[in-house]
């Protein structure tokens, strides 16, 4: 299968998987126009849409796409039922698309009903995990998001993390503010800075590398614990995650 990214709005990515026959899966189409343009340019035949959560920048293009291609099956969590979803899926279930089985993973935090889709090596994680960061807590709690990220971090090393936004540079600036001497973070920041200077995408990322540079996945890392302990003593990784998320909200 081929993985494609379609830019939308200011910083969204709509992901598309297509097979050799031209059948395709569309993930979080917040805007129909760039997707329709890509479909026409590549002669794709849309079979399915995956929705991760109910926010408009992830679901806004569904209606128009389904009107154009009524055969499309729209998978999504319960919270997207009024956004065009025709097949509600929940944690532990699977969606069989393009001859591949995608596992549904509940990842509450950004929204209460947020889900991700995984079929090795592809992880479509919406607004749960970003490169160098994680989603804001609009509906869920820090504890929920921490547990959600633990689930995703436990996936295979070679997982391709397909995030829904180009937030990597700002996330790495935050990471440097927390761990300014970390070699992995510094190296990745330089790489991302060069890519963004050329207006190039920083995604997808390999999960093994992401665990090294994403402070939100390093809440049990001794270097991070020492930094946090300089300000406040927090015993549990969930508490350290909440501390980081609060810092990032104000960054």
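Glycine too: its Cβ is placed from the backbone N, Cα and C atoms.
Annotated in Swiss-Prot:
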- 53, 55, 110, 127: Zn(2+) 1 binding site (BINDING)
- 57, 58, 127, 165: Zn(2+) 2 binding site (BINDING)
- 136, 137, 138, 165, 166, 167, 245, 246, 247, 248: substrate binding site (BINDING)
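Swiss-Prot feature annotations superimposed on the structure.
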residue	record	Cβ contacts under 8 Å, 6 or more apart
53	Zn(2+) 1 binding site	77, 79, 80, 110, 111, 113, 114, 115, 126, 127
55	Zn(2+) 1 binding site	111, 127
57	Zn(2+) 2 binding site	8, 9, 12, 30, 31
58	Zn(2+) 2 binding site	12, 28, 29, 30, 51, 52, 126, 127, 164
136	substrate binding site	110, 127, 249
138	substrate binding site	110, 111
165	Zn(2+) 2 binding site	11, 12, 13, 127, 130
245	substrate binding site	134, 137, 142, 145, 216
247	substrate binding site	174, 178
Under 8 Å by Cβ from residue 166 (substrate binding site), same chain, sequence gap 6 or more: 7, 11, 12, 13, 196, 201, 202, 203
Cα-Cα distance maximum in Å, computed over every pair in 136, 137, 138, 165, 166, 167, 245, 246, 247, 248 that the record assigns to substrate: 21
Surrounding CB atoms that lie within 10 Å of the CB of residue 110 (Zn(2+) 1 binding site), all protein chains: 25
Residues within 8 Å of the 53, 55, 110, 127 Cβ centre (excluding the Zn(2+) 1 site residues themselves): 52, 54, 58, 111, 114, 126, 128, 135, 138, 164
